[in-house]
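As written in TrEMBL, here are the features:
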- ASP140: active site (ACT_SITE)
- ASP447: active site (ACT_SITE)
- GLU111, ASP140: UDP-alpha-D-glucose binding site (BINDING)
- LYS282, ASP306: Mn(2+) binding site (BINDING)
- 21-39: transmembrane segment (TRANSMEM)
- 51-74: transmembrane segment (TRANSMEM)
- 519-541: transmembrane segment (TRANSMEM)
- 561-587: transmembrane segment (TRANSMEM)
- 649-671: transmembrane segment (TRANSMEM)
- 683-705: transmembrane segment (TRANSMEM)
- 717-733: transmembrane segment (TRANSMEM)
Amino acid sequence: MAQDIHLPLFETKSAKGRILFQLYAASLVVSICLIYAYRVSYSPVDGGIEWWAWIGLFVAELWFGFYCLLMILVRLNPVHRYTFRDRLSQRYEKDLPGIDIFVCTADPSIEPPIIVINTVLSVMAYDYPQEKLSVYLSDDGGSDLTFYALLEASRFSKIWLPFCKKFKIEPRSPEAYFCTAIEPLDDPLKAREWHSIKKSYEEMKMLIETTTKLRQIPKAVRKEHRGFREWDFVTSQRDHQTILQILIDGRDPKAVDVEGQPLPTLVYLSREKRPQYHHNFKAGAMNALIRTSSRISNSPVILNVDCDMYSNNSESIRDALCFFLDECQGHNIAYVQFPQSFANLTKNDVYASSLLVTYRVEIEGYDGNGGPPYIGTGCFHRRDALCGEKYNRECKVDWKSVNHQGKVEESASVLEETCKVLASCTYEEDTEWGKEMGLKYGCPVEDIITGLCIQCRGWRSICFNPERKGFLGVAPTTLLQSLVQHKRWAEGHLQIFLSKYSTLWYGHGRIPLKLQLSYLPYSLWAANCWPTLYYAAIPSLCLLRGISLFPKISSPWTLPFVYAIFANSLYSLGEFLWCGGTVQGWWNDQRMWLFKRTTSYLFGFIDTILNRLGLAKSAFAITEKTVDEEVTHRYEKELMEFGSPSPMLNIIATIALLNIISFVGGIRRVVIVDAQREVFDQFAWQILLCGVLVYINMPVYQVTFFRKDNGRMPTSTTYWSILCALLACAIAML
Ligand SMILES: O=c1ccn([C@@H]2O[C@H](COP(=O)(O)OP(=O)(O)O[C@H]3O[C@H](CO)[C@@H](O)[C@H](O)[C@H]3O)[C@@H](O)[C@H]2O)c(=O)[nH]1
Ligand SMILES: [Mn+2]
């Protein structure tokens, strides 16, 4: 035992193949420099339209080169982490710290209560001493439907938790489990129990779904719990008092499951909302939870998940504690971030919503460079660090005694009353909440800015990517949902970059330089829109007009272009396949790369500027977690869903049409005018670029001209885009 103390609870390994990557990176940089050399030495004579087009392209290439350097930097030093849970339980099993788990939901129609309670049940069922777990649900929808579902879940947990333990099942979200599980046939007794639990779950699910659909709680049910009385005073979702209900009080000796084992504490909180007070979206909800939980359970470690992110691995808490509790390296770790993963992806992930490379490769690169960002869900925090405390070398937590400090004496009903004020609108007035304490306000990516500030206070963060994924969530299932989500992200990142919390100046001297630079690719997401729009439109229009912008295909200057394009594509394909993607998935990823850069990032960029000028306020558009059956059906068939009109679709369609017109024009030029193959030689690159753009846009032509279902391009968008594309081409040919 004494020996064990010195064995670490986790281990860090550098990724393999780093030298190979460095060689590839160096060769890529050389080819990019050669491209610049070509641009400088062959620029057309001053002043004309050719010259302007050329300079524009050069600037775009300078940008892409710079961005490419940043992406290389993120990948230079990835690390993997491994935990030793057996050592943890050997040394700490009796003194494991309490864990507070926060689940956030905001709207019962966008986030159906049945999804929410599945997440709640999955986190209640962690393989961890139950009396040390407290689960808090924050309901920004202030909805009795969600409350009702949680009440049902609290009852169901009494049979669900013992079942999970007895059958050692994974995952512990009942919906996810019964979706794929096969009944145990070997033992008839076990099979009977299994069936009875399944039936109970299905009954509960039906009750909850019908109530949600009817949007009304049956009178009889209302009488069952005094908590429902609170809704007599609720005027609307945006105007109500604090509702706080302790549904299960873990300290109560009567709060036990069917086997007589203690249950985790379960709390419902809907913070006060008044029209005259800004509620600060998820950040506001989280801060209310931090304060309320500090009175009720005050655990030193907080896990935070979105309402759709169920726990897929019952060992995650123990994994996370291996980092915090490590005697040598644990003291300065503020948070342990699990990568986001999704349960509802199709094989080739049409909308590239898995962000496969980001969450497999880049996040580990961040870790190597100083620590991953906080990405809002699937993250374990040290409470002190989240509350704004600075890292202090002298101050080490003694995890063995932390549980015995200041036990709460008040009864649940007293707590319910006394804690209400902590979640009121006025509580934060003239305090540091939302500034130096808790999650930061005023940014659509509250998570990133909060994580960055924690790192700037001297703390370190860790990325943990276990074999069996820690959490699984719901990825957007329509094109527009995905684009809107990315707009929020791009806008948030750019806002941080331009604010006083920018990694460049705020991070300077506080976090390592390579970590400062690693934040840049995301900070500058939005800025990508201009060079990408330029590259996707101008060379094609120039092809129509007969302006050549690339080296002749027979000239040696072609080589750096060939190398840069092919090496880069092959590398990214390799990386994608290595992460478990498919070739078609990679191609879809490239398409979404184009779509996001020309729409989400553009609107994100414009909104950020308007926001800076004080002309617009940024909002938090909640991502929808369900869609109707027809849409789901198309999603499963991997058909792109365009559906409702939006300026974003206008841009996508216009670019697609413009390129097909230019492509046809370019081919015509080669076939008709070209006698000596001189024209082809000059324009081959542009035709190729245009051809690739046409190919990548195939689904767009399909939805615009051939599809008949409701996911097709809206007619108004089609007309508008045809008009715009024709106009652009006409101007180009003038
Ligand atoms: O006023 C609000 C708005 C949202 N939420 C909750 O915030 C979570 C995230 O919202 P979602 O619409 O699912 O956003 P995503 O785009 O999926 O979220 C990613 O990006 C967000 C920042 O932009 C982070 O907050 C999230 O954790 C991260 O998963 C959900 O549980 C919501 O219920 C609230 O509690 N109150
Ligand atoms: Mn989400």
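Every residue, even glycine, has its Cβ placed from backbone N, Cα and C.
Bear in mind that the values here come from a model prediction, so they are computed numbers and not experimental data.
The recorded positions shown are GLU111, ASP140, LYS282, ASP306; of these, the one with its CA atom nearest the CA of ASP447 (active site) is LYS282. The stretch from 21-39, 519-541, 649-671, 683-705, 717-733 with the most CB pairs below 8 A to the transmembrane segment (51-74) is 519-541. For the recorded positions GLU111, ASP140, ASP306, ASP447, counting C-beta atoms within 10 A of each C-beta gives the highest total at GLU111. Checked against ligand 2, the recorded positions GLU111, ASP306, ASP447 give ASP306 as the ones with a Cβ under 6 Å from it, listed in sequence order. Cβ atoms under 8 Å from those of the transmembrane segment (561-587) belong to residues 24, 27-28, 31-32, 35, 68, 347-349, 352, 354, 356-357, 360-361, 550-551, 685, 696 of the same chain, restricted to positions at least 6 beyond its ends. Only LYS282, from the binding-site residues GLU111, LYS282, ASP306, place their Cα within 10 Å of the Cα belonging to ASP140 (active site). For GLU111 (UDP-alpha-D-glucose binding site) paired with ASP306 (Mn(2+) binding site), the C-alpha to C-alpha distance reads 10 Å.
Residues 53, 56-57, 59-61, 63-64, 67, 70-71, 74, 373, 448, 452, 489-491, 493-494, 496-497, 502-503, 507, 549-550, 594, 597-598, 601-602, 604-605, 608, 655, 658-659, 662-663, 666, 686, 689-690, 693, 728-729, 732 of the same chain sit 6 or more residues outside the transmembrane segment (519-541) yet have a Cβ under 8 Å from a Cβ within it. The local packing around LYS282 (Mn(2+) binding site), expressed as other Cβ atoms within 10 Å of its Cβ over all shown chains, amounts to 22. Under the three-state DSSP scheme, ASP306 (Mn(2+) binding site) falls in the strand class.
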